[in-house]
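Participant: Pasting in a structure now, in C-alpha coordinates, and then I'll have a few things to ask.
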Amino acid sequence: MGDKSTAQAGHLGDETLKDNASAGVSTATLNSPEQPSKIVVNKEVLDDNSTQNEPNVEKPHVDSADGKGETASENSTGEWRFTRRAQLVFATLSTLSLMVALDGTSISVALPGVGGGGILALTEIIVTDIVPLRLRGQYLGILNGMWTIGSVTGPVLGGGFSESVSWRWIFYINFPFAGIGLVMTVLFLRLNFIPTSLLAKLRRIDYIGATIFMGSTASFMIPLSWGGVQYSWSSWRTLVPLIIGFVGLLVFGYYEYRYAEHPIIPLEIFTSKTATVSFIGTVIQGLVLWCALYFLPLYFEAVKGYSPIISGVAIFPDSFTVAPSAMIAGLTITKIGKYRWAVWVGWILTTLGFGLLCILKVGTSIPGWIFLEFAVGFGLGVIFPAVTFAIQASAKHETLAMAVAMTSFFRAFGQAIGVAIGGVVFQNRMYSNLLQYTELAPYARAYSQDAAGLVQVINAMEDGTTKQDLRTAYADSLRIIWAVCCAFSAVGFLFSLWTKEYDVDQALTSDQGLRDKQKPAAPTDV
(Lines of atoms letter the chains of each structure in order from A and count residues from 1; the text may use other names and numbers.)
(Lines give C-alpha, C1' and ligand atoms only; values in the text may rest on other atoms or scores of the structure.)
Protein backbone atom coordinates (compact mmCIF):
# COMPACT_ATOMS: atom_id res chain seq x y z
CA MET A 1 0.00 0.00 0.00
CA GLY A 2 2.17 2.72 -1.21
CA ASP A 3 -0.23 5.62 -1.66
CA LYS A 4 0.49 8.98 -0.12
CA SER A 5 -2.55 9.01 2.14
CA THR A 6 -1.59 5.85 3.98
CA ALA A 7 1.96 7.08 4.46
CA GLN A 8 0.55 10.24 5.99
CA ALA A 9 -1.60 8.17 8.32
CA GLY A 10 1.43 6.30 9.57
CA HIS A 11 3.37 9.53 9.97
CA LEU A 12 0.65 11.27 11.97
CA GLY A 13 0.39 8.26 14.22
CA ASP A 14 4.10 8.10 14.94
CA GLU A 15 4.12 10.82 17.62
CA THR A 16 1.35 9.30 19.68
CA LEU A 17 2.72 5.81 19.16
CA LYS A 18 6.15 6.87 20.37
CA ASP A 19 4.58 8.45 23.44
CA ASN A 20 2.54 5.29 23.94
CA ALA A 21 5.59 3.05 23.67
CA SER A 22 7.60 5.30 25.98
CA ALA A 23 4.86 5.33 28.57
CA GLY A 24 4.22 1.65 28.17
CA VAL A 25 0.74 2.05 29.56
CA SER A 26 -2.85 1.28 28.57
CA THR A 27 -6.00 -0.05 30.16
CA ALA A 28 -8.67 -2.60 29.44
CA THR A 29 -11.43 -1.35 27.19
CA LEU A 30 -15.08 -1.52 28.09
CA ASN A 31 -17.60 -3.05 25.76
CA SER A 32 -18.19 -1.45 22.40
CA PRO A 33 -21.53 0.28 21.79
CA GLU A 34 -24.28 -1.92 20.44
CA GLN A 35 -24.69 0.37 17.42
CA PRO A 36 -21.20 1.79 17.01
CA SER A 37 -20.43 5.16 15.57
CA LYS A 38 -18.60 5.26 12.27
CA ILE A 39 -16.01 7.96 12.18
CA VAL A 40 -13.92 8.11 9.07
CA VAL A 41 -10.51 9.72 9.29
CA ASN A 42 -10.01 13.20 7.78
CA LYS A 43 -8.75 13.52 4.26
CA GLU A 44 -5.45 14.70 5.70
CA VAL A 45 -5.04 11.18 7.09
CA LEU A 46 -6.75 8.96 4.52
CA ASP A 47 -8.11 10.27 1.24
CA ASP A 48 -10.86 8.58 -0.72
CA ASN A 49 -8.33 6.78 -2.91
CA SER A 50 -6.72 4.90 -0.04
CA THR A 51 -9.30 2.13 -0.10
CA GLN A 52 -11.93 0.95 -2.49
CA ASN A 53 -14.78 0.36 -0.07
CA GLU A 54 -14.56 3.31 2.27
CA PRO A 55 -18.03 4.34 3.56
CA ASN A 56 -19.35 7.79 2.70
CA VAL A 57 -20.04 9.10 6.19
CA GLU A 58 -20.04 12.68 7.39
CA LYS A 59 -18.08 13.54 10.51
CA PRO A 60 -19.79 16.38 12.42
CA HIS A 61 -18.14 18.74 14.83
CA VAL A 62 -19.03 18.67 18.53
CA ASP A 63 -17.96 21.14 21.21
CA SER A 64 -16.46 19.46 24.23
CA ALA A 65 -16.60 20.59 27.82
CA ASP A 66 -13.22 22.24 27.61
CA GLY A 67 -14.25 24.34 24.65
CA LYS A 68 -12.11 22.48 22.15
CA GLY A 69 -13.50 20.89 19.06
CA GLU A 70 -13.94 17.14 19.27
CA THR A 71 -14.85 14.61 16.64
CA ALA A 72 -18.06 12.65 17.07
CA SER A 73 -20.22 10.53 14.87
CA GLU A 74 -23.65 11.12 13.49
CA ASN A 75 -24.96 8.52 15.95
CA SER A 76 -23.08 9.78 18.97
CA THR A 77 -26.24 10.61 20.94
CA GLY A 78 -26.54 7.97 23.60
CA GLU A 79 -23.26 6.37 22.61
CA TRP A 80 -20.33 6.44 24.97
CA ARG A 81 -16.85 5.37 25.70
CA PHE A 82 -14.63 6.19 28.59
CA THR A 83 -11.70 8.02 27.04
CA ARG A 84 -8.59 6.01 26.36
CA ARG A 85 -6.48 8.46 28.38
CA ALA A 86 -8.73 8.19 31.44
CA GLN A 87 -8.49 4.41 31.27
CA LEU A 88 -4.72 4.61 30.88
CA VAL A 89 -4.39 6.78 33.96
CA PHE A 90 -6.58 4.40 35.96
CA ALA A 91 -4.53 1.40 34.85
CA THR A 92 -1.25 3.06 35.75
CA LEU A 93 -2.50 4.16 39.16
CA SER A 94 -3.61 0.58 39.78
CA THR A 95 -0.12 -0.57 38.90
CA LEU A 96 1.45 2.01 41.21
CA SER A 97 -0.70 0.62 44.01
CA LEU A 98 1.54 -2.45 44.06
CA MET A 99 3.25 -0.78 47.03
CA VAL A 100 0.58 -2.41 49.19
CA ALA A 101 1.56 -5.77 47.71
CA LEU A 102 4.44 -5.76 50.14
CA ASP A 103 2.12 -7.04 52.84
CA GLY A 104 1.61 -10.22 50.83
CA THR A 105 -2.18 -10.16 50.67
CA SER A 106 -3.95 -11.53 47.60
CA ILE A 107 -6.06 -8.41 47.07
CA SER A 108 -3.01 -6.16 47.06
CA VAL A 109 -1.29 -8.36 44.50
CA ALA A 110 -4.46 -8.33 42.40
CA LEU A 111 -4.47 -4.53 42.10
CA PRO A 112 -1.24 -4.36 40.08
CA GLY A 113 -2.64 -7.19 37.99
CA VAL A 114 -5.66 -5.08 37.12
CA GLY A 115 -3.43 -2.20 36.04
CA GLY A 116 -0.91 -4.37 34.23
CA GLY A 117 -3.59 -6.23 32.32
CA GLY A 118 -5.17 -2.97 31.26
CA ILE A 119 -1.80 -1.60 30.18
CA LEU A 120 -1.25 -4.53 27.84
CA ALA A 121 -4.72 -4.41 26.34
CA LEU A 122 -5.25 -0.72 25.66
CA THR A 123 -1.77 -0.18 24.24
CA GLU A 124 -2.78 -2.37 21.30
CA ILE A 125 -6.25 -0.81 21.17
CA ILE A 126 -4.75 2.66 20.78
CA VAL A 127 -2.67 1.38 17.87
CA THR A 128 -5.88 0.17 16.19
CA ASP A 129 -7.42 3.61 16.80
CA ILE A 130 -4.75 5.60 15.00
CA VAL A 131 -3.00 3.29 12.51
CA PRO A 132 -4.52 1.70 9.39
CA LEU A 133 -4.57 -2.10 9.43
CA ARG A 134 -1.92 -2.40 6.71
CA LEU A 135 0.58 -0.41 8.80
CA ARG A 136 -0.16 -1.95 12.19
CA GLY A 137 2.22 -4.85 11.79
CA GLN A 138 5.35 -2.81 12.38
CA TYR A 139 3.92 -1.14 15.48
CA LEU A 140 2.44 -4.34 16.90
CA GLY A 141 5.80 -6.00 16.37
CA ILE A 142 7.52 -3.21 18.31
CA LEU A 143 4.96 -3.31 21.14
CA ASN A 144 5.16 -7.08 21.43
CA GLY A 145 8.93 -6.81 21.38
CA MET A 146 8.90 -4.31 24.24
CA TRP A 147 6.59 -6.57 26.24
CA THR A 148 8.90 -9.51 25.61
CA ILE A 149 12.01 -7.59 26.65
CA GLY A 150 10.31 -6.66 29.91
CA SER A 151 9.21 -10.24 30.49
CA VAL A 152 12.66 -11.73 29.98
CA THR A 153 14.66 -9.10 31.83
CA GLY A 154 12.31 -9.24 34.80
CA PRO A 155 13.52 -12.66 36.03
CA VAL A 156 17.14 -11.54 35.74
CA LEU A 157 16.50 -8.36 37.72
CA GLY A 158 14.39 -10.29 40.21
CA GLY A 159 17.14 -12.83 40.73
CA GLY A 160 19.69 -10.07 41.21
CA PHE A 161 17.52 -8.19 43.70
CA SER A 162 16.72 -11.31 45.72
CA GLU A 163 20.42 -12.21 45.91
CA SER A 164 21.95 -8.77 46.45
CA VAL A 165 19.42 -6.52 48.19
CA SER A 166 15.82 -7.45 48.97
CA TRP A 167 12.90 -9.04 47.16
CA ARG A 168 10.97 -5.82 47.87
CA TRP A 169 13.01 -4.15 45.13
CA ILE A 170 11.16 -6.34 42.64
CA PHE A 171 8.21 -4.05 43.42
CA TYR A 172 10.10 -0.80 44.01
CA ILE A 173 11.74 -0.92 40.56
CA ASN A 174 8.31 -0.54 38.92
CA PHE A 175 7.64 2.90 40.38
CA PRO A 176 9.87 5.01 38.12
CA PHE A 177 8.68 3.20 34.98
CA ALA A 178 5.00 3.45 35.88
CA GLY A 179 5.47 7.06 36.97
CA ILE A 180 7.10 8.04 33.68
CA GLY A 181 4.34 6.26 31.80
CA LEU A 182 1.68 8.11 33.77
CA VAL A 183 3.22 11.52 33.06
CA MET A 184 3.74 10.75 29.36
CA THR A 185 0.15 9.58 29.03
CA VAL A 186 -1.33 12.72 30.58
CA LEU A 187 0.92 15.10 28.63
CA PHE A 188 1.12 13.57 25.16
CA LEU A 189 -1.76 11.17 24.50
CA ARG A 190 -4.27 13.15 22.45
CA LEU A 191 -7.26 11.17 21.21
CA ASN A 192 -10.76 12.19 20.20
CA PHE A 193 -13.63 11.13 22.41
CA ILE A 194 -17.42 11.07 22.28
CA PRO A 195 -18.62 13.46 25.02
CA THR A 196 -21.36 11.81 27.08
CA SER A 197 -22.42 12.18 30.69
CA LEU A 198 -20.79 9.97 33.29
CA LEU A 199 -24.20 8.65 34.33
CA ALA A 200 -24.92 7.49 30.78
CA LYS A 201 -21.59 5.70 30.71
CA LEU A 202 -22.18 3.97 34.02
CA ARG A 203 -25.62 2.79 32.94
CA ARG A 204 -24.14 0.85 30.04
CA ILE A 205 -21.82 -1.26 32.18
CA ASP A 206 -22.88 -4.88 32.51
CA TYR A 207 -22.42 -5.13 36.28
CA ILE A 208 -23.96 -8.58 36.62
CA GLY A 209 -21.90 -10.04 33.79
CA ALA A 210 -18.71 -8.39 35.06
CA THR A 211 -19.28 -9.74 38.57
CA ILE A 212 -19.91 -13.28 37.34
CA PHE A 213 -16.92 -13.15 34.99
CA MET A 214 -14.41 -11.75 37.49
CA GLY A 215 -15.57 -14.02 40.29
CA SER A 216 -15.52 -17.13 38.13
CA THR A 217 -12.13 -16.30 36.62
CA ALA A 218 -10.62 -15.68 40.06
CA SER A 219 -12.13 -18.90 41.39
CA PHE A 220 -10.63 -20.81 38.47
CA MET A 221 -7.20 -19.15 38.53
CA ILE A 222 -6.40 -19.11 42.25
CA PRO A 223 -6.31 -22.91 42.73
CA LEU A 224 -4.05 -23.15 39.68
CA SER A 225 -1.46 -21.19 41.65
CA TRP A 226 -1.53 -23.39 44.76
CA GLY A 227 -2.43 -26.76 43.23
CA GLY A 228 0.33 -29.29 43.86
CA VAL A 229 2.28 -26.84 46.04
CA GLN A 230 0.22 -25.51 48.93
CA TYR A 231 -2.51 -28.13 48.45
CA SER A 232 -2.53 -31.32 46.40
CA TRP A 233 -4.48 -31.47 43.15
CA SER A 234 -6.84 -34.01 44.70
CA SER A 235 -7.59 -31.76 47.69
CA TRP A 236 -11.07 -30.26 47.97
CA ARG A 237 -9.40 -26.87 48.45
CA THR A 238 -8.14 -27.16 44.89
CA LEU A 239 -11.01 -29.01 43.20
CA VAL A 240 -13.95 -27.05 44.63
CA PRO A 241 -12.87 -23.57 43.46
CA LEU A 242 -11.82 -25.03 40.09
CA ILE A 243 -15.26 -26.54 39.57
CA ILE A 244 -17.03 -23.40 40.81
CA GLY A 245 -14.95 -21.26 38.46
CA PHE A 246 -15.60 -23.50 35.46
CA VAL A 247 -19.35 -23.65 36.09
CA GLY A 248 -19.37 -19.90 36.69
CA LEU A 249 -17.78 -19.25 33.29
CA LEU A 250 -20.47 -21.39 31.65
CA VAL A 251 -23.15 -19.40 33.49
CA PHE A 252 -21.45 -16.18 32.37
CA GLY A 253 -21.55 -17.25 28.73
CA TYR A 254 -25.24 -18.16 28.98
CA TYR A 255 -26.10 -14.88 30.70
CA GLU A 256 -24.21 -12.81 28.13
CA TYR A 257 -25.97 -14.63 25.29
CA ARG A 258 -29.53 -14.54 26.64
CA TYR A 259 -29.93 -11.65 29.05
CA ALA A 260 -27.15 -9.03 28.88
CA GLU A 261 -28.32 -5.80 27.21
CA HIS A 262 -24.75 -4.52 26.83
CA PRO A 263 -22.52 -7.62 27.17
CA ILE A 264 -18.96 -7.01 28.30
CA ILE A 265 -17.82 -9.68 25.84
CA PRO A 266 -19.93 -9.50 22.66
CA LEU A 267 -20.30 -13.04 21.34
CA GLU A 268 -20.10 -11.61 17.81
CA ILE A 269 -16.31 -11.65 18.07
CA PHE A 270 -16.44 -15.46 17.99
CA THR A 271 -18.61 -15.73 14.87
CA SER A 272 -15.56 -15.48 12.61
CA LYS A 273 -13.79 -18.81 12.18
CA THR A 274 -10.48 -17.02 11.72
CA ALA A 275 -10.90 -15.10 14.97
CA THR A 276 -11.94 -18.23 16.88
CA VAL A 277 -8.97 -20.34 15.78
CA SER A 278 -6.68 -17.36 16.39
CA PHE A 279 -7.99 -16.98 19.95
CA ILE A 280 -7.30 -20.68 20.50
CA GLY A 281 -3.82 -20.13 19.10
CA THR A 282 -3.31 -17.19 21.46
CA VAL A 283 -4.15 -19.39 24.46
CA ILE A 284 -1.71 -22.04 23.26
CA GLN A 285 0.97 -19.44 22.62
CA GLY A 286 0.64 -18.07 26.15
CA LEU A 287 0.70 -21.61 27.54
CA VAL A 288 3.90 -22.75 25.84
CA LEU A 289 5.63 -19.37 26.19
CA TRP A 290 5.20 -19.31 29.95
CA CYS A 291 6.20 -22.94 30.27
CA ALA A 292 9.46 -22.03 28.55
CA LEU A 293 10.06 -18.87 30.59
CA TYR A 294 9.24 -20.62 33.87
CA PHE A 295 10.85 -24.05 33.50
CA LEU A 296 13.93 -23.27 31.39
CA PRO A 297 15.60 -21.27 34.20
CA LEU A 298 14.87 -24.20 36.54
CA TYR A 299 16.79 -26.48 34.17
CA PHE A 300 19.86 -24.27 34.46
CA GLU A 301 19.53 -23.86 38.24
CA ALA A 302 18.75 -27.47 39.16
CA VAL A 303 20.49 -29.46 36.43
CA LYS A 304 23.41 -27.17 35.60
CA GLY A 305 23.82 -25.65 39.07
CA TYR A 306 23.81 -22.03 37.84
CA SER A 307 22.83 -19.10 40.04
CA PRO A 308 19.45 -17.37 39.46
CA ILE A 309 21.14 -14.48 37.63
CA ILE A 310 23.19 -16.72 35.34
CA SER A 311 20.13 -18.89 34.71
CA GLY A 312 18.23 -15.80 33.60
CA VAL A 313 21.06 -14.95 31.23
CA ALA A 314 21.18 -18.55 29.97
CA ILE A 315 17.65 -18.32 28.54
CA PHE A 316 18.56 -15.25 26.44
CA PRO A 317 18.93 -17.35 23.25
CA ASP A 318 15.26 -18.20 23.68
CA SER A 319 13.83 -15.04 25.20
CA PHE A 320 15.76 -12.35 23.34
CA THR A 321 15.01 -13.84 19.93
CA VAL A 322 11.29 -13.25 20.49
CA ALA A 323 11.50 -9.45 20.21
CA PRO A 324 13.51 -9.17 16.96
CA SER A 325 11.53 -11.95 15.27
CA ALA A 326 8.26 -10.21 16.26
CA MET A 327 9.50 -6.93 14.79
CA ILE A 328 10.74 -8.58 11.59
CA ALA A 329 7.48 -10.47 11.15
CA GLY A 330 5.43 -7.31 11.71
CA LEU A 331 7.46 -5.30 9.21
CA THR A 332 7.27 -8.08 6.63
CA ILE A 333 3.50 -8.40 7.01
CA THR A 334 3.17 -4.66 6.50
CA LYS A 335 5.41 -4.82 3.43
CA ILE A 336 3.70 -7.68 1.58
CA GLY A 337 0.18 -7.30 2.97
CA LYS A 338 -0.17 -10.99 3.92
CA TYR A 339 -0.18 -12.53 7.40
CA ARG A 340 -1.22 -16.18 7.09
CA TRP A 341 2.26 -17.32 6.10
CA ALA A 342 3.63 -15.83 9.34
CA VAL A 343 1.08 -17.72 11.44
CA TRP A 344 2.12 -21.01 9.84
CA VAL A 345 5.86 -20.33 9.98
CA GLY A 346 5.58 -19.30 13.63
CA TRP A 347 3.83 -22.50 14.67
CA ILE A 348 6.18 -24.72 12.66
CA LEU A 349 9.25 -23.12 14.25
CA THR A 350 7.71 -23.31 17.72
CA THR A 351 6.85 -26.99 17.30
CA LEU A 352 10.34 -27.71 16.02
CA GLY A 353 11.90 -25.67 18.84
CA PHE A 354 10.18 -27.55 21.65
CA GLY A 355 11.07 -30.79 19.94
CA LEU A 356 14.72 -29.72 20.04
CA LEU A 357 14.46 -28.84 23.74
CA CYS A 358 13.62 -32.49 24.40
CA ILE A 359 17.29 -33.19 23.63
CA LEU A 360 18.45 -31.21 26.70
CA LYS A 361 20.17 -33.48 29.22
CA VAL A 362 22.46 -33.17 32.22
CA GLY A 363 25.58 -33.25 30.08
CA THR A 364 24.44 -30.91 27.27
CA SER A 365 27.28 -28.50 26.46
CA ILE A 366 27.00 -24.71 26.47
CA PRO A 367 27.06 -24.40 22.65
CA GLY A 368 24.53 -27.22 22.56
CA TRP A 369 21.88 -25.64 24.77
CA ILE A 370 22.41 -22.23 23.16
CA PHE A 371 21.64 -23.71 19.74
CA LEU A 372 18.64 -25.69 21.00
CA GLU A 373 16.92 -22.59 22.39
CA PHE A 374 16.87 -20.45 19.25
CA ALA A 375 13.97 -22.01 17.32
CA VAL A 376 11.44 -21.61 20.13
CA GLY A 377 12.18 -17.90 20.50
CA PHE A 378 11.96 -17.21 16.78
CA GLY A 379 8.72 -19.14 16.42
CA LEU A 380 6.93 -17.53 19.34
CA GLY A 381 8.08 -14.09 18.21
CA VAL A 382 6.65 -14.52 14.72
CA ILE A 383 3.31 -15.66 16.16
CA PHE A 384 2.81 -12.46 18.19
CA PRO A 385 2.04 -10.00 15.35
CA ALA A 386 0.74 -12.67 12.97
CA VAL A 387 -2.10 -13.90 15.19
CA THR A 388 -2.95 -10.34 16.21
CA PHE A 389 -3.19 -9.37 12.54
CA ALA A 390 -5.50 -12.30 11.80
CA ILE A 391 -7.84 -11.34 14.65
CA GLN A 392 -7.98 -7.66 13.74
CA ALA A 393 -8.38 -8.27 10.01
CA SER A 394 -11.37 -10.55 10.62
CA ALA A 395 -13.07 -8.33 13.22
CA LYS A 396 -15.88 -5.90 12.52
CA HIS A 397 -15.41 -2.25 13.40
CA GLU A 398 -17.92 -2.38 16.25
CA THR A 399 -16.19 -5.36 17.90
CA LEU A 400 -12.56 -4.53 17.07
CA ALA A 401 -11.64 -3.02 20.45
CA MET A 402 -13.08 -5.98 22.33
CA ALA A 403 -11.35 -8.43 19.99
CA VAL A 404 -8.02 -6.76 20.76
CA ALA A 405 -8.73 -6.83 24.50
CA MET A 406 -9.70 -10.51 24.33
CA THR A 407 -6.39 -11.25 22.61
CA SER A 408 -4.57 -10.04 25.71
CA PHE A 409 -6.98 -11.91 27.98
CA PHE A 410 -6.61 -15.24 26.20
CA ARG A 411 -2.83 -14.93 26.13
CA ALA A 412 -2.79 -14.24 29.88
CA PHE A 413 -5.18 -17.13 30.45
CA GLY A 414 -2.83 -19.42 28.55
CA GLN A 415 0.08 -18.22 30.66
CA ALA A 416 -1.78 -19.06 33.87
CA ILE A 417 -2.81 -22.56 32.85
CA GLY A 418 0.56 -23.16 31.18
CA VAL A 419 2.53 -23.05 34.42
CA ALA A 420 -0.15 -25.17 36.11
CA ILE A 421 -0.12 -27.81 33.37
CA GLY A 422 3.67 -27.83 33.36
CA GLY A 423 3.67 -28.27 37.13
CA VAL A 424 1.32 -31.25 36.97
CA VAL A 425 3.40 -32.88 34.23
CA PHE A 426 6.58 -32.34 36.24
CA GLN A 427 5.11 -33.76 39.46
CA ASN A 428 3.84 -36.95 37.85
CA ARG A 429 7.00 -37.61 35.86
CA MET A 430 9.35 -36.69 38.72
CA TYR A 431 7.51 -38.99 41.12
CA SER A 432 7.75 -41.85 38.64
CA ASN A 433 11.45 -41.18 38.03
CA LEU A 434 12.42 -41.01 41.70
CA LEU A 435 10.78 -44.36 42.43
CA GLN A 436 13.42 -45.96 40.20
CA TYR A 437 16.24 -44.94 42.56
CA THR A 438 16.54 -46.84 45.84
CA GLU A 439 17.98 -43.92 47.81
CA LEU A 440 15.52 -41.38 46.42
CA ALA A 441 12.32 -43.46 46.43
CA PRO A 442 11.42 -42.62 50.08
CA TYR A 443 11.48 -38.92 49.19
CA ALA A 444 9.64 -39.26 45.86
CA ARG A 445 6.39 -37.72 47.07
CA ALA A 446 8.05 -34.76 48.82
CA TYR A 447 10.62 -33.99 46.11
CA SER A 448 8.12 -34.11 43.24
CA GLN A 449 5.68 -31.58 44.71
CA ASP A 450 7.47 -28.35 43.80
CA ALA A 451 9.88 -27.98 40.88
CA ALA A 452 11.16 -24.60 42.09
CA GLY A 453 11.55 -25.71 45.70
CA LEU A 454 13.51 -28.79 44.65
CA VAL A 455 16.23 -26.54 43.20
CA GLN A 456 17.41 -25.57 46.68
CA VAL A 457 17.39 -29.21 47.78
CA ILE A 458 19.59 -30.25 44.86
CA ASN A 459 22.06 -27.39 45.22
CA ALA A 460 22.38 -28.01 48.97
CA MET A 461 23.45 -31.63 48.43
CA GLU A 462 27.05 -32.70 48.37
CA ASP A 463 28.39 -33.91 45.04
CA GLY A 464 27.87 -37.61 44.55
CA THR A 465 25.72 -40.29 42.98
CA THR A 466 22.51 -39.22 44.73
CA LYS A 467 22.81 -35.63 43.52
CA GLN A 468 23.60 -36.78 39.99
CA ASP A 469 20.61 -39.15 39.98
CA LEU A 470 18.34 -36.37 41.18
CA ARG A 471 19.56 -34.06 38.43
CA THR A 472 19.03 -36.78 35.83
CA ALA A 473 15.47 -37.33 37.06
CA TYR A 474 14.88 -33.56 37.01
CA ALA A 475 16.12 -33.17 33.43
CA ASP A 476 13.98 -36.09 32.27
CA SER A 477 10.89 -34.58 33.92
CA LEU A 478 11.49 -31.31 32.11
CA ARG A 479 11.87 -33.26 28.86
CA ILE A 480 8.26 -34.42 29.19
CA ILE A 481 7.17 -30.80 29.67
CA TRP A 482 8.91 -29.86 26.41
CA ALA A 483 7.21 -32.79 24.69
CA VAL A 484 3.81 -31.63 25.94
CA CYS A 485 4.54 -28.09 24.71
CA CYS A 486 5.59 -29.54 21.37
CA ALA A 487 2.25 -31.34 21.13
CA PHE A 488 0.32 -28.17 22.03
CA SER A 489 2.27 -26.23 19.39
CA ALA A 490 1.39 -28.84 16.79
CA VAL A 491 -2.27 -28.45 17.74
CA GLY A 492 -1.88 -24.69 17.35
CA PHE A 493 -0.52 -25.22 13.84
CA LEU A 494 -3.43 -27.49 12.92
CA PHE A 495 -5.95 -24.89 14.10
CA SER A 496 -4.09 -22.20 12.15
CA LEU A 497 -4.86 -24.02 8.90
CA TRP A 498 -8.39 -22.59 9.17
CA THR A 499 -7.04 -19.02 9.19
CA LYS A 500 -8.43 -16.99 6.31
CA GLU A 501 -6.39 -14.35 4.48
CA TYR A 502 -8.39 -11.12 4.75
CA ASP A 503 -7.56 -7.96 2.85
CA VAL A 504 -5.39 -5.74 5.04
CA ASP A 505 -5.91 -2.64 2.88
CA GLN A 506 -8.91 -1.52 4.90
CA ALA A 507 -10.05 2.02 5.69
CA LEU A 508 -9.21 3.38 9.11
CA THR A 509 -12.48 4.06 10.93
CA SER A 510 -12.14 5.03 14.56
CA ASP A 511 -14.26 6.47 17.33
CA GLN A 512 -11.19 7.76 19.18
CA GLY A 513 -8.56 8.62 16.60
CA LEU A 514 -5.85 11.25 16.85
CA ARG A 515 -6.92 14.76 17.82
CA ASP A 516 -5.76 17.57 15.54
CA LYS A 517 -3.24 19.55 17.60
CA GLN A 518 -3.53 22.71 15.51
CA LYS A 519 -7.26 23.12 15.01
CA PRO A 520 -10.53 21.33 15.64
CA ALA A 521 -11.50 18.78 13.03
CA ALA A 522 -13.96 20.18 10.53
CA PRO A 523 -16.77 18.14 8.99
CA THR A 524 -15.48 16.21 6.03
CA ASP A 525 -17.30 14.21 3.38
CA VAL A 526 -15.33 11.19 2.23
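Here the Cβ of each residue, glycine as well, is placed from N, Cα and C on the backbone.
Relevant sequence annotations retrieved from TrEMBL are reproduced here:
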- 1-504: domain 'Major facilitator superfamily (MFS) profile' (DOMAIN)
- 1-77: region 'Disordered' (REGION)
- 23-35: compositional bias 'Polar residues' (COMPBIAS)
- 56-71: compositional bias 'Basic and acidic residues' (COMPBIAS)
- 86-102: transmembrane segment (TRANSMEM)
- 108-127: transmembrane segment (TRANSMEM)
- 139-157: transmembrane segment (TRANSMEM)
- 169-193: transmembrane segment (TRANSMEM)
- 205-226: transmembrane segment (TRANSMEM)
- 238-255: transmembrane segment (TRANSMEM)
- 276-300: transmembrane segment (TRANSMEM)
- 306-329: transmembrane segment (TRANSMEM)
- 341-363: transmembrane segment (TRANSMEM)
- 369-391: transmembrane segment (TRANSMEM)
- 403-426: transmembrane segment (TRANSMEM)
- 480-498: transmembrane segment (TRANSMEM)
Participant: Taking contact to mean three or more C-beta pairs under 8 angstroms, with sequence separation of 6 or more, is the transmembrane segment (480-498) in contact with the transmembrane segment (276-300)?
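Facilitator: The answer is yes, given that the two segments have at least 3 Cβ pairs within the 8 Å cut-off.
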Participant: The transmembrane segment (403-426) vs the transmembrane segment (276-300): three or more C-beta pairs under 8 Å (separation of 6 or more)?
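Facilitator: These two stretches do touch.
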Participant: If you average pLDDT over the domain 'Major facilitator superfamily (MFS) profile' (1-504), what do you get?
Facilitator: 76
Participant: Can you work out which residues elsewhere in the same chain, 6+ from the ends of the transmembrane segment (306-329), have a Cβ less than 8 Å from its Cβ atoms?
Facilitator: 137-138, 141-142, 144-146, 148-149, 151-152, 155-156, 158-160, 162-163, 292-293, 296-298, 300, 342, 346, 369-371, 373-374, 376-382, 384-386
Participant: Excluding the flanking five residues on each side, which residues at least 6 beyond the ends of the transmembrane segment (139-157) place their CB within less than 8 Å of a CB in that stretch?
Facilitator: 13, 17, 21, 24, 120, 123-124, 127, 131, 170, 173, 293, 297, 308-309, 312-313, 315-316, 319-320, 322-324, 326-331, 381, 384-385, 388-389
Participant: Does the structure show the transmembrane segment (205-226) and the transmembrane segment (238-255) touching, where I'm treating 3 or more Cβ pairs under 8 angstroms (sequence separation 6 or more) as a contact?
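Facilitator: The answer is yes, given that the two segments have at least 3 Cβ pairs within the 8 Å cut-off.
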